[in-house]
Every structure is written in structure tokens, then in C-alpha cells.
Amino acid sequence: MNDNTTPSTGWLSTRLPFLRPLCQHMARFPMPPVNLFWTLGACLLVAFGLMFVSGLFLSLHYQPDLSQAFDSVEAIERRVPSGWIIRSIHTGGVSMLFAALYLHVGRGLWYGSYKAPRELVWLSGLFMMLLFMTTAFAGYVLPWGQMSYWGATVITHAVEAIPGIGHGLLVYLLGEDTLGGIALHRFFILHFTLGFIIATVIGLHVLCLHGTGSSNPTLDSPRPDHTTRPFAPFYVVKDCLAVCVFLALFAVLIFFLPDLLGKLDNVILANPLKTPADITPEWYLAPWFAMLRAIPSRLGGLIAAAASLLVLFVLPWLDRSPRHNATYRPLVRAGMGLFFIAFITLILAGMHGATPLWVWLSRGAMLVWFLVFLVLLPVTSYRERQMTGSSTQGETS
Amino acid sequence: MKLLRSFLTGTALLVSFSLTSLPAHASSTDEPIVPIQKSPPPAEPLPPMRPEERGLMIFQQVCSSCHSMERAHYGDMIGLQPSVTALQHWAQQRHAGLESPIASPYPSVAVGKANNGGDYPPDLSHIARTIRGGPDYIRQMLAGYRPVPPGVTLAPNTYYNPIALTHHHKFKMRPPLHEGMITFPDGTKATIPQMASDVTAFLQWADDSHRSTRHFIGTAVLLYFALLGGVLLALWRLLKRTA
């Protein structure tokens with residue numbers, strides 16, 4: 001096991017000769033002295049695994065049909081043996097997954113994990129975040145309750161704002177003029193398929209990470225720590241411990257606080273003739289819903305929401321400073337802090353009614369979002385590069 | 001040998017006989033013989049019913065004569081009424097089977113409205129969660145009917161209920177509960193507040209029937225993770241020290 005050069009003798013190793021080197025690579029993978037924020041990836045992996053498995057079991061009983069969808073969900077809750085527990089894992093898991101996902105992305109922002117040479121890790125991760133958001137949205141439509149229907153109506157009709165082709169595109173995507181049986185079936189296929197696509201992208205994400213290795217949060221500190229440890233057993237145990245805490249929180253959420261996240265209106269069958277009093281999205285999509293609402297023009301809102309995500313994709317090229325860790329970059333530290341506050345403000349704004357207060361708060365938060373990424377980061381990075389006197393030093397990790 | 005054995009069995013029989021009949025003998029000598037009274041067997045204490053079980057009885061006998069519970073099937077009530085025959089009987093009375101949803105007794109919404117002063121009795125599947133005020137509201141509203149105060153005139157088929165979420169306390173649901181209308185097998189007195197509280201417990205159960213199981217499993221899961229977390233923490237600290 002420890003010797004790399006001995007020829008493989010096991011049955012499986014003879015047939016899959018790369019298996020043993022791969023395991024050894026994984027076990028010996030050198031890890032810099034990372035902190036507890038680096039365990040979120042493992043939590044996400046576990047959360048995704050739970051979502052995937054529970055989703056497969058749910059799909060055995062779910063009927064993607066206009067007249068049966070709602071009843072099949074009720075049947076899962078009431079009659080399918082253990083269906084209620086599988087469904088609560090799936091519906092509670094999405095919140096846990098997004099909480100870990102946003103913390104994971106936030107960690108990447110704070111510690112500059114997006115910088116060279118880890119651009120591919122960052123881009124694949126962002127792409128995965130978009131896939132997760134799409135999957136979550138499609139999944140939320142499936143129970144066909146009031147909030148499913150009206151949330152989906154509001155969001156799909158944002159497509160209509162695209163000039164010229166908007167309405168045609170919407171009808172093409174929905175398969176008919178309004179949100180109905182064809183769209184429901186498509187949402188189910190989308191939700192189901194994206195699960196497998198995400199599984200593949202997770203593989204790519206980990207592959208990209210293993211090309212360059214984890215970033216080192218101590219590099220910019222006055223006393224950089226260059227020691228590394230092999231991934232096994234220390235980081236395996238550390239990740240397991242974090243996963244254990246994560247799953248305990250998960251259990252508290254689904255077993256003791258199920259009403260915290262459940263929308264009341266979604267236990268009522270969708271009724272296209274009756275709009276609920278307030279259409280609120282799930283918290284993890286609320287920031288972009290708040291953006292759609294904050295801009296008076298529909299097209300403007302759509303562009304702003306899309307731009308807020310796209311700006312994250314160009315981050316590695318906006319911030320080319322050799323410094324990574326925001327803790328040791330005073331301006332970036334303030335900027336990132338403001339960005340996190342803005343993000344939370346947008347979540348709250350999206351979940352509250354469109355009162356002038358919340359609309360203006362979300363406008364302010366959007367301004368912070370774009371100013372931090374488009375102005376503060378490039379300017380700070382330019383100054384830092386001037387200070388270090390070399391613009392190419394950012395290429396070394 | 002044979003004699004000895006028969007003697008032994010004889011004495012054993014005698015001893016056992018005298019032992020079993022001893023108390024009877026003693027009592028017959030002390031007291032005059034009284035004829036055996038054909039009294040009913042002492043009433044066994046009936047198993048106490050859970051509030052939601054009593055609530056199901058009220059739902060079966062009262063609520064379901066106007067309201068539906070479409071999302072639940074007759075058979076789903078097996079959690080509260082373990083007798084399949086009783087459930088089957090109930091379902092058959094309503095021309096349904098165990099696998100049919102607990103449908104509205106009215107053939108159409110119009111008929112339902114016409115029978116209830118113009119308001120259709122809402123479906124009760126998730127009412128405990130969806131109604132404004134939740135279970136507390138239901139409990140108080142059901143016991144909240146009052147005599148019409150002087151100066152208030154009510155339209156026909158309208159009832160006075162200051163708690164109901166309705167216009168000027170004028171409520172279209174006729175007072176569903178009356179003192180002593182149901183005889184509970186466990187001897188609970190069918191007072192209006194008692195029945196209101198029981199039927200609310202039932203509606204909460206109908207909305208979320210896995211509540212107690214969920215809490216039990218949740219506790220077990222948390223204990224498991226606490227144990228596992230402790231072991232992992234110890235291991236982590238050990239590795240931190242050695243490596």
C-alpha cells in the first residue's frame with residue numbers, strides 16, 4: 001500500500017491499474033494548514049448525496065402530472081411507508097445545502113480562493129451554483145401547491161421581459177401559453193436530470209481542485225505556515241467531525257423545526273385563479289427575487305440579477321493582486337464584510353413584502369454588490385500590485 | 001412399591017385439593033351461604049383515549065357531515081382507529097372504501113353553499129396549519145358561539161360567534177358542538193370546550209400525523225450524532241497532538 005513502485009497484484013488493481021495510485025493520491029494529498037471553513041466542501045458533498053438519494057426515492061412515487069402531482073406528494077407524506085421522512089430530508093436538505101453552499105462561496109471570496117491558479121475551481125463551482133439554483137427552483141414547482149405555481153409563474157414570466165423574443169421564448173419553454181401540465185413535466189425532467197449533471201460537475205470541481213491543491217489561508221499573514229499534512233487521516237477525521245455537526249443541525253431542522261422553512265400556502269393545491277396574499281420565494285433564491293423587484297423595469301431587473309451572478313465569474317480577472325486573504329487586506333476586508341451584509345439584506349428583502357423600505361434597502365445592497373466587485377476589488381488589487389512592484393507575482397500561489 | 005406409589009399420589013392429590021379449597025372452606029364456615037349474584041363483571045378500566053382519538057370520533061359524527069378531508073383517505077385514520085372493520089363501516093356508510101379520499105358530502109360546491117348560508121365548508125386536510133390563528137383559533141372558535149346580543153339581527157342560517165374570523169361576528173357555520181352529544185368510550189365528559197380541544201388535536205394530527213414519531217426519531221438521531229461527534233472529536237484531538 002505504501003510502496004508506489006510494487007506492481008499491483010490485487011484482482012481489481014490488475015484490471016484497473018489507476019485505482020491504487022488514485023487512492024494514494026487522495027490519501028496523501030498535501031493539505032495546507034486550513035481552518036474549519038475548509039470543511040464546508042465535505043458537508044456539501046454529504047448534503048448533495050442525501051438530496052440525490054432521497055430524490056431518487058421520491059421520484060419512485062411522484063407523478064409529474066397536473067392532476068396527480070399534488071395528490072402524489074400528499075400520498076408520499078401520508079401513505080408511502082417512511083415517505084414523510086424521505087421527503088422531509090429532501091425539503092429540509094435543500095436549505096442546509098444552500099446554507100453550506102453560500103458559506104462555501106463566501107469562504108472562497110474572503111480567502112481569495114478564486115485567484116490564479118484556481119480559476120477553474122472557482123468557475124466550475126460557480127457553474128455548479130447556477131445549476132443548484134435552477135434545480136432548486138425546478139424542484140420547488142413539483143409539489144404543485146399554491147406557492148409552487150405562483151412562484152414559478154412570476155419567475156418564468158421574467159423571461160418575457162427579454163425584448164423581441166421574450167413572449168415567444170416563454171411559450172417555447174413552457175410548451176403552452178401558461179404554466180400547465182407540459183411545463184410541470186418539463187420541470188420534473190429538468191430537476192431529475194440536473195441531479196446527475198451536478199454529480200458530474202462535482203467530479204470536475206474536485207478534479208480541478210486536485211490539480212492545484214487547496215489554498216493556504218496563512219500565506220499572507222505575518223508568519224506564513226508552509227507545513228502540509230497528508231489528507232488522511234487528519235483531514236478525513238476533521239471533515240467527518242464537521243459533517244457530523246452539519247448533520248446534527250440538519251436533524252434539528254427537519255425533525256424539530258420543520259415549520260421554520262415550510263411555506264403554508266404550499267399545502268394548498270395550485271389554483272391559477274387565486275393569487276396568494278404574498279408570493280415569497282424560498283430564502284436561498286430570495287436575493288435575486290429582491291433584485292428583480294428593486295428595478296422598476298422588468299428587463300432592467302433581469303439584467304441586474306443576471307449581472308450580479310456573472311460578475312462573480314470574472315472575479316479572478318478583476319482582482320489580480322498577489323494577496324489572497326481578506327483578513328490582511330484592510331479595504332477588501334471592509335468590502336467583503338459589506339458584501340456579506342448586502343447579501344443578507346437581499347435575502348431578507350426578498351422574503352418581505354415590496355414595501356418602499358425593503359425596495360430601497362435592496363437597491364442599496366445591489367449597489368454595494370456591484371461597487372465591491374467592480375470598483376473596490378480592481379482598485380485595491382491595482383494598488384497592491386503597485387506596492388509589491390510586480391504585476392506578475394499574482395500568478396504564483 | 002406399587003402401594004407406596006399410589007399412597008404418595010393419593011396424599012399429593014389430597015394436599016393439593018385441600019390447599020385449593022381451603023379459603024372456600026374457611027369462608028363457608030364463618031358466613032352463611034349466599035346465593036351467587038348475577039352481577040355484571042367488574043367494569044374494566046377502559047384504555048384512556050388520546051385527544052386526537054376522541055377528535056376522530058367527533059370528526060366522524062359531526063364535522064364530516066359538512067366538511068371534506070380530501071387529502072386523507074379513510075384508511076389513513078388507522079393511526080387513530082385501529083379497527084379496520086370500524087373504518088370500513090364508516091367508509092361504506094359514505095359509499096366509499098378505505099382507499100378513497102374523505103370527500104365532501106355535497107355533490108357540488110353550489111349545493112354545499114346552498115346548505116350553509118352561502119359559504120362552502122372548507123376542506124379540513126391542512127386547516128390547522130393554513131387557517132389564520134392556527135389550532136388556538138380553531139379551539140376557541142368552536143367553543144365561541146354566543147347567544148345573539150340585543151340589537152344584533154342575524155340573517156337566516158347565520159350564527160353569532162365573536163371569535164370567528166368573519167364579518168361582524170356573523171358566522172355561517174352552524175354551532176357544531178353540543179353538550180353531551182357524543183359518548184366517549186373512555187368516559188370523558190363531552191363538554192363543548194373538551195370536544196373543541198379534542199377535535200383541534202385531531203385536526204393537528206390530520207395536518208401532521210408524524211409529529212410524535214418525528215420527535216422520537218429526531219431525538220435518537222441527535223443522540224447518535226452526539227456520540228459519533230464525541231468519538232470523532234477525541235480522535236481529531238489525538239491526531240492533532242501526534243501529527
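Yeah, the Cβs are placed from backbone N, Cα and C, and that goes for glycine too.
The domain 'Cytochrome b/b6 N-terminal region profile' annotation in TrEMBL covers A:8-218. The domain 'Cytochrome b/b6 C-terminal region profile' annotation in TrEMBL covers A:221-391. Feature annotation from TrEMBL assigns transmembrane segment to A:36-58, A:84-105, A:120-142, A:154-175, A:187-210, A:231-257, A:299-318, A:330-351, A:357-377.
Sequence-distant contacts of the transmembrane segment (A:231-257) (same chain, at least 6 residues past either end, Cβ-Cβ under 8 Å): 26-31, 36, 39-40, 42-43, 46-47, 50, 88-89, 91-93, 95-96, 100. When each of the listed stretches A:187-210, A:299-318, A:357-377 is scored by C-beta pairs under 8 angstroms to the transmembrane segment (A:36-58), A:187-210 comes out highest. The largest share of C-beta pairs under 8 angstroms with the transmembrane segment (A:84-105) comes from A:120-142, of the ranges A:120-142, A:154-175, A:330-351. Sequence-distant contacts of the transmembrane segment (A:187-210) (same chain, six or more residues past either end, CB-CB distance under 8 Å): 25, 29, 45, 48, 51-52, 55, 59, 62, 64, 118, 120-121, 124-125, 127-128, 131-132, 134-135, 138-139, 141-142, 152. Remote same-chain residues near the transmembrane segment (A:357-377) are listed as 290-291, 293-294, 304, 307-308, 311-312, 315, 318-319, 331-332, 335-336, 338-339, 341-343, 345-346, 348-350 (criterion: CB distance under 8 Å, separation of at least six residues from the stretch ends). In the predicted model, the domain 'Cytochrome b/b6 N-terminal region profile' (A:8-218) has a mean pLDDT of 94.
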